[in-house]
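> Structure incoming, see below.
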Amino acid sequence: MPNDKDQPGTPPTARREFLKSAGLFTVTAAGLAGGLEALTRRPGAGSAEAQGTAFVRPARPLGPYDTKEAVTPWEQATTYNNFYEFGTDKGDPARMAASLKPRPWTVKIDGEVKKPQTVDIDTLQGWFPLEDRIYRMRCVEGWSMVMPWLGFPLASLIRRIEPTSKAKYVQFTALYDPKQFPGQRGNVLDWPYVEGLRLDEALHPLTLLAVGLDGRVLPNQNGAPLRLVVPWKYGFKNIKSIVKITLTEQQPKTTWALAAPDEYGFYANVNPAVPHPRWSQATERRIGELGRRATLPFNGYADQVAGLYKGMDLRKNF
Ligand code: MTE
């Protein structure tokens, strides 16, 4: 990202955020499969008015995929965002979010699959039980959050659409519509935003397609109505507002690697040992905290995912 504002040496912002968040924290990670579905099927759901509509849920015990770390307060997770389709400032997505209409919405599934199809988002999310997952998210810019996603494993969708034997990668394409996305009226990135994963990464049980945040409909600024979450990779892999999922034989192009190939790679695994050309990746600023904390290899998910990269030079495949 061209934005270095989050590099070390910005204590006033950190302090302000800490003060904002102090006393606000509650763990509300619980969710019920079907609850969100019911919510999103309401007329007008996903609209600006429906965004952030809370519903009461019983507490649930943390699951095997959840981090125990403190969840980033909703206020911060939904107002400090990267979503260049709305603008390049962290506050632009929340300010401009109402221009995106996440219903009706379809997702096209094509490429190397036995069951290509175009499916309505409510039908798609109704295929799978929704799961809560509290994941760390580490942005390549050097800040991080803890996000309580609601979604389903991408693996469940891939198995349902049946990859052909040629499928080696998955490409994701975000919506292109300059009427809904003011940022697309300029050329700050090549539109639409595209991302990709190797098929084994896509099938990993940690890899999620999120439709909600903290038990609520995914706010537009966080990537409504469908957004990828791959917690061991830098945040830019987590493409928002997906309209197409394509299984491919060749490694797909990805937006940030196209924009600055020396700075952003296809893999983008969180790696404190490999600095970004313009800053260190050894530490991060957790939004809502003072100071910086150490960044962990694979963002703390090494036990689960390091095996995917056995024998690979992660300095070259950054
Ligand atoms: N997806 C799209 N379509 N457009 C974007 O600009 N930004 C990425 C990613 N997904 C981006 C995107 C980056 S750089 C980050 S760090 C995360 O979204 C931020 O997610 P958040 O705003 O929900 O924290």
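Note that Cβ sites are derived from N, Cα and C of the backbone, with glycine treated the same way.
TrEMBL labels come from automatic prediction, so no person has curated them.
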> In TrEMBL, which of 43-62, 83-102, 183-202 is tagged region 'Disordered'?
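The listed stretch tagged region 'Disordered' in TrEMBL is 43-62.
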> Please give the greatest C-alpha separation between any two of the Mo-molybdopterin-binding residues N81, Y84, E85, C139, N222, R227, N238, I239, K240, in angstrom, as a whole number.
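Across N81, Y84, E85, C139, N222, R227, N238, I239, K240, the widest Cα separation comes out at 17 Å.
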> Taking the domain 'Oxidoreductase molybdopterin-binding' (100-256) alone, what is its mean pLDDT?
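The predicted confidence over the domain 'Oxidoreductase molybdopterin-binding' (100-256), as a mean pLDDT, is 98.
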> Do any residues at least six apart in sequence from N222 (Mo-molybdopterin binding site), in the same chain, have a Cβ closer than 8 Å to its Cβ, and if so which, in order?
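N222 (Mo-molybdopterin binding site) has long-range Cβ partners A77, T78, N81, F83, P93, L213, K240.
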> If you count Cβ atoms within 10 Å of the Cβ of K240 (Mo-molybdopterin binding site), leaving out that atom itself, what do you get?
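Excluding its own Cβ, K240 (Mo-molybdopterin binding site) sees 28 Cβ atoms within 10 Å.
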